[in-house]
Each structure stands twice: as structure tokens, then as C-alpha cells.
Amino acid sequence: MSLVNQFRSEPSRPVLVGPSALVRQAQQRKQRQQWLIYGSRLLLVVGVLLFWQFASGTILDSSFLSNPLAILRQTITWLSDGDPWYESTLIINTAVTLEETLLGLFFGVASGLLLGFLFGLQPTLERIFNPFIIALNSIPKIALAPLFILWLGIEIPMKVVLAAVTVFFLIFLNTLNGVRNVDQHLVDAVRLMGGRQRDVIFKVILPSATGSVLTGLHVAIPYALIGAIVAEQIGANHGIGYLIQSSGESFNAAGIFAALLVLTLIAGLLNAIVNLIDRKTSHWKAGLKLSSADQS
Amino acid sequence: MSTVIHIEQISKSFIRNDREIVVLHNVNLEIESGSFVVLAGPSGCGKTTLLNIVAGLLPPDSGTVYYKGVPISGPRLEVGYLTQKDTLMPWRTVERNVEMPLEIRGIAASERRRRAAEFIRLVGLEGFEKLYPHELSGGMLRRASLARMLVTLPETLLMDEPFGALDAQLRLELQNELLSLWSRQRSSVLFVTHDLEEAIILGDRVVVLGTGGHIIADEPIALPRPRDAFHIRFRPEFTNLHRRLWDALMESRLQVQRQEVRL
Ligand SMILES: Nc1ncnc2c1ncn2[C@@H]1O[C@H](COP(=O)(O)OP(=O)(O)OP(=O)(O)O)[C@@H](O)[C@H]1O
Ligand SMILES: [Mg+2]
């Protein structure tokens, strides 16, 4: 029996202890903190709504700021003026805006991904086009709206294009950045395994750029909405943007707020979807911990 | 015995800040088939660069590397290379990382899993298959990389300071593991290390490199096999070899320092 065999050991395994007192304590602390946070949020919302409601008509001018009950009434009116129900004002206009936003996101994301990967993989191409892309990107996209109206009229395609153009640059730049930051050592590793260009793209570049693309997507969602809404406000007779515009013109503050509420809901929904994708694809990440208190 | 790797008149320079840095200058080396050759040399003398060229990752400026008589133009499937830096895919679990070379070779999923499990067991990582690289310790990362390299049963191994960052005990353990694996498979090994003890324990031959990859010493290690990584150091030949190689390494270090002063 050699001495070395005494050294032979399995790599030390993490010791798993059942729900010890320490673990329970930490869980309780976490739970309390959760309640505190949710409770504070609820309190904040209720407080603001109550203040808003009771101050309206006294310290706050309700013709400018409306009030929660008026907004609720307006929302119900807009929801119930349809026959059949799904042709009510709110639903029709929400559907139009959602359609424009989703189509804009789709075309913007697809073209941004495609060109981002192409330019990322072909650095020479990227270097030729770089100054032009920067120049185009620095144009406020809204300023392009009259041009799109000229080309496409004021129907849905114009709004889709405006939203898509905004989204395109965000996705394109993030994808390009993601592809450029791929670790050369990982690419070499695949080459050593006998991998071809295709393996490098699908097994290294794509997964490694995913995080960056998703960041782009998160930023792009509000911009897709902005694109669609602004386009509707400039020229349209449908959509949430149009609803806001026409409410404003008829001094209907409650209408503006009701429409804004719907916008917030749409944005929240889209973000939740991206969060879901994010969680599905980034479970391998360590997660940034800035202080020891973040460890959980 | 036949030659498996023949390094002929290899030169390589890098350009940094508009200045040419000659890393390798007319390097010649032959590796006998089935032998275990250790390259030692001070930091920055070009060991990794030489290995990258032999692996087919980096083209030399001039000269040729022959693998069994055929000039190398890119990575070869029968050569495994454990690089100095860990290159596990951070988005794959240990298991899926070890399977990756088999996946690229188009081996069926069930066979892949079976072979990956076998090598994960070999390096002592059972129970850690489902962990991601960021959840592993430095030594476990090295073991996983080792398993990934071995899973394709390469006939020639290139290893760049594979055990450099490990604690002394773990290093001994893996050295023994490597020795027994090598004696079973009789693969050819080109192994880089800073550690002269490790070089003598493992090698049939220790080559000490100086500036420009210039060979300062080329010592055959006549210690009997099978060797035991722990006990072999107590033999008198070990001490003599250690002293001779140490002197060579000191000379090489002085060379490197002189060159750095000139730069
Ligand atoms: N891609 C590169 N570009 C520029 N210089 C490089 C490059 N790779 C290596 N070098 C230089 O070449 C020299 C040799 O590097 P190399 O990595 O081969 O050394 P090494 O012998 O492996 O050192 P160590 O033992 O520290 O790993 C160093 O001076 C390094 O700065
Ligand atoms: Mg090195």
C-alpha cells in the first residue's frame, strides 16, 4: 500500500445539511423582507390613489389630473361600448397597437439579428459600414415618420416600419457586440474538437451572444411601443396613441390616463415574456453579487 | 521507434506596438512515438506558443511541424490538447461539456452519455455531472477539462501546465492518474510545466527551453517505471537530475531576463 493512496480522495463534496436552524432563520428573514417589500408597494399604491381621489377637485385640478374613479368609469365605458363586446373602443384600439408593436418587434428583431450576426462574423463588412450605421442610428427615428407616411400612408404598415426601425438598431448593435465579445479561447476549443464553422456558430457564438441579444430585446420593447404610439399620434384613426391624442383634443384627462394604463399593461406583458426567455436561457450564469447581502 | 511529432525549424514572432517580438527562433524537436516528453522553461519563453503551433491552432511564420510525417495545417482529431486556460463552455453542464467533442464527431446521444459518464468517473467528478462550470472549484474545472480531452481517446496528448493551479495533494493524485492512464494507453505526450519535480516524475525526457525556444538541456530520465509520484523523489538519481535541470533552468531564466532588459 503506497503512501500516495492515503492522499487519494474524492474531490471534496459540498456538504448538504437538512433544514438546520440556520437555514430556517435565513428563510424566515427572507420571508419577512418579502412581506415588507410587497406591503410597502401596496401601501404606496393605495396611498397615492386615495390622495389623488380625495385631493381631486380641492387641491388638484381634476380637469388636468382627473381622478382614479373617473379613470375607472372611462375604462368601463370604453370596454362596454362594443357590440359584440370585443368591438369596444378599448379592445379594438389595444389590438391595433399590439399588432403594430408585435409586427415591429418581429421585423426589427429578425433584421437586427441577421445583420448583427453577419457583421459580427465578417469584421471587414462591419468596418466598411460602421460610420454609416452610426450616422443612421443617431437620427431620432421619430423624425423619419413623415417620410414613412409619404411612402406608406397612415395605415398599419407605416407604424410597423417606424417601430421596426427603432427596434432594429437596438437589436443589431447588441447582437454585434455579443458576437464580437465571444471568447476566442472557446472558439479555439471547438476547432480543437474538430468543429467546423457551423459548429463554432451554433455551439459557441450563438449561446454566448444570447445574453447580449436579450438585453437588446428588453430595451427594444418600450421603443417598439414608442414607435407605434408616436406613429399613431402623428397620423391615424386607430390605436392607443390615437385614443390618447383624441382624448387630449377633447380635454378628456380621464381618457388619457385610461389609455396610459393600457399601455403600461402591454409593456409589462411583453417584458414578462422576455423575462421568461431570459430565465430559460441564463440559468448557467453566476449572477452578479455586489455585496455579501445579495447571497442567497 | 518512430517519430510522432517532428518540429522542424519553427519560427514565430508577434508584433506588439509596431515591434517584432521573436518568440520562437528555429526550434527543432522530435517526439518519439509513445514517449512522455516534458517541456520546461521560464515564463514567457514560448512554451504555449509552441504547443499552439503543434496543435495546429497557430500557423508558424516559417518551418513545419510533421505529425507522423504529414505536415500539420490545422487541428487533428487524433491529438488532444489541454490548454493552459480552461475552456469549458459556461452554458453547458459538466456532462454536456464532456460530451461536446463526441457531439461534434456525430456520435449518437446514448453512446455519448455512456462515454462521458465513464470519463467523468475516471477523473473523480461523479455526482457533479449536472453542475455548471461557475459552480466548480479550480481543481474540478481542470478535471472536467481533462475528461473532455480524454473522452475521444486521442493517441497524442498536448498538455499545458495542466496541474499548475492545484494543491500539492491533488496534483500528486492526478499525476499518478495520468501515469497509469499513459502506461495503459501508451499515447505520446508533450507536457509543459514550470515544476521540475513534476517534469522528472512524469517524463521520459525533459527539455528545458530558453529564449526563442532555444533548447538549453535535453535530459533523458532513466528512472524505472511504473513510477509513483510520491516516492520517486526519494531516489538518489532524482536529486541529481533535479540539480542538473535546475541549473539549466537558472541559465535559461538569466537568458530571458537579459533579453527583457534589451527590449
Ligand atoms: N497573441 C499574442 N500576441 C502578442 N504576443 C504574444 C501572443 N501570445 C504570446 N505572446 C508573447 O509571446 C511570449 C511567449 O508567450 P507564451 O505564452 O508562449 O509563454 P509561455 O512560455 O507559455 O509562458 P508561461 O509559462 O507563463 O505560460 C510572451 O512574451 C508573450 O507576451
Ligand atoms: Mg504558457
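Cβ atoms are placed via backbone N, Cα and C, with glycine included.
Annotations in TrEMBL come from automatic prediction, not curation.
According to TrEMBL, the feature domain 'ABC transmembrane type-1' maps to A:90-278.
Annotation source TrEMBL lists transmembrane segment at A:35-55 (among others).
Sequence annotations record features per position, and here TrEMBL assigns transmembrane segment to A:102-121 (among others).
Taken from TrEMBL, the feature transmembrane segment covers A:133-154 (among others).
According to TrEMBL, the transmembrane segment annotation covers A:160-179 (among others). Panel annotation: around the transmembrane segment (A:160-179), residues 100-101, 103-109, 111-113, 115-117, 119-121, 126, 133, 136-137, 141-142, 144-145, 148, 152, 205, 208-213, 215-217, 219-220, 223-228, 230-231 of the same chain, lying at least six beyond its termini, place a Cβ under 8 Å from a Cβ of the stretch.
For the transmembrane segment (A:200-231), the list of distant contacts is 97, 100-101, 104-105, 108-109, 112-113, 116-117, 120-121, 141-142, 145, 148, 158-160, 162-167, 170-171, 173-175, 177-179, 181-183, 186-187, 190-191, 239-241, 244, 263, 266-267, 270-271, 274, 277-278, 281-282, 285: same-chain residues at least six beyond its ends, Cβ to Cβ under 8 Å. The transmembrane segment feature in TrEMBL is assigned to A:200-231 (among others).
What TrEMBL lists as transmembrane segment is A:251-277 (among others).
Long-range neighbours of the transmembrane segment (A:133-154) within the same chain, counting only residues 6 or more positions beyond its ends whose Cβ lies under 8 Å from a Cβ of the stretch, are 161-162, 165-166, 169, 172-173, 227, 230-231, 234-236.
Counting residues 6+ beyond its ends, the transmembrane segment (A:251-277) has Cβ neighbours under 8 Å at 62-67, 70-71, 73-75, 78, 90, 93-94, 97-98, 101, 105, 214, 217-218, 221-222, 225, 229, 240, 243-244 in the same chain.
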